[in-house]
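According to TrEMBL:
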type    : residues                                                            : note
DOMAIN  : 1-314                                                               : domain 'Aminoacyl-transfer RNA synthetases class-II family profile'
BINDING : GLU74, GLY75, THR76, ARG104, GLN118, GLU122, ARG249, TYR253, TYR254 : L-histidine binding site
Amino acid sequence: MNDLLPQDAHLWELFENTAQSVVQAYGFQQIRTPIVEETRLFARAIGAVTDIVEKEMYSFTDSMNGDQLTLRPEGTAGVVRSVIEHNLVYEGPKRLWYKGQMFRHERPQRGRYRQFHQFGCEAVGFTGPDVDAEMIMMCRRLWDDLGLDKIRLELNSIGDASERAAHRVELIKYFEAHADQLDAEAQRRLHSNPLRILDTKNPAMQELVTNAPKLLDYLGEASLAHFNGVQKILNHNNIPFKINPRLVRGLDYYNRTVFEWVTDELGAQGTVCAGGRYDPLIETFGGKPTPAVGFAMGIERLVELMKTAGEPAPGNQCDVYLVHQGEAAQLQAFVLGERLRDAGLDVVMHCAAPTGAGSFKSQMKKADGSGASFAVIIGEDEVANHTANVKAMRDEAGESQQSTVPFDGVVDFIVDHITDGGEEHHHFHVHDENCKH
Ligand code: ATP
Ligand code: MG
């Protein structure tokens, strides 16, 4: 479980803000569900014979009343519970998104943590392949907006329950005929969840699983039509993908469309986003039959990928750094700071230590380190003359340009110079963006 430190925070914010505005552009609305749910919710929703439920859940007994509780290992189960509990699809289908911490007791390694974060979407109440394609295109747009071009799409259909049952019989026969090549985990899975054997990461079993009976060959007409429908929309919109017949999901409740976005840039943990349809789940939970499709992306892995793609310059801590000397100047600086913030600027005010604010020189060093575009300096003279000294910190010529500005004109002066362009005014623009949404 990791701390998120300030030096990485701007990447997380960039990811989360971009993801949020992309999915909002497709009509998705946020949902927040509790981090703790009843254990049986996950056991049922995810399926008993899965890595997560078998060995990865943080479960505990509530010492106050004996309730069996679990820290959520994924987001879909909670969203589905909430959709049913609040009858969210009463008025029709809903497009939902969430983000937050997930917990899985796994062996920690690169790209795999015990507390991690997912950003996910669930489209609930949609039957057709159009929403599947829409979700995939939405991911594509997010990668584009983040400047991530080394992510590829793998697609498959795992059909419906009856098709999987027919395939399963043949799959078990096949693996039984090659029992000597199965590792311990595969042997354990052989009769409980043989489909998951196809997902093995054991290099020694790759040839065996490549030649195994393919679920795609067992799809009936309706499943095939759905799968073709997804592909048609993707092709029409020039979204490249590879059909991976061995792609299955770790969770039991998926049917038909499954997809993963994968990168080679992150080593073994290369799946940055995984999704698929789970039409049967909501009915299983006592809701009205409600088809649904969703995906979840791992934020840690995507932030890692953003770093390999060339870290954008960290956002300035502020637009303006306020330097002051003496009690009267400090009071003026407070007034000015509020006015600048009223105008949408980010302002850091120099903190007076118990012994005073320190020399101008040491304050200017702090101003420089803050990354501010402007330092505003107020000393005794400025207080007496009702002025302030405004210094452009990121002057192109490298020269320090200093102007004495009437106190009441400082905000306009800075806003004019910042919107004139020519310099990097990262912060101000970020503000603009936020206003737009
Ligand atoms: P994996 O094959 O990597 O174990 P999974 O099938 O368990 O993945 P999902 O449950 O589909 O993963 O979760 C969706 C995404 O969440 C993953 O593709 C990955 O990006 C991220 N993720 C899953 N588990 C972790 C973890 N322990 N730490 C960090 N990210 C994770
Ligand atoms: Mg896993």
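Note: Cβ is positioned from N, Cα and C throughout, glycine not excepted.
Whatever TrEMBL says is automated annotation, not expert-curated.
Known features from TrEMBL, placed on the structure.
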residue: GLU74; record: L-histidine binding site; DSSP class: coil
residue: GLN118; record: L-histidine binding site; DSSP class: strand
residue: ARG249; record: L-histidine binding site; DSSP class: coil
residue: TYR254; record: L-histidine binding site; DSSP class: coil
Below 8 Å Cβ to Cβ and six or more residues apart, same chain only. Which residues does that give for ARG249 (L-histidine binding site)?
ILE158, VAL258, ALA274, GLY276
Cβ density check for GLU74 (L-histidine binding site), other Cβ within 10 Å (all protein chains) comes to 20
Give the maximum pairwise CA distance in Å, whole number, for the residues GLU74, GLY75, THR76, ARG104, GLN118, GLU122, ARG249, TYR253, TYR254 listed as binding L-histidine.
21
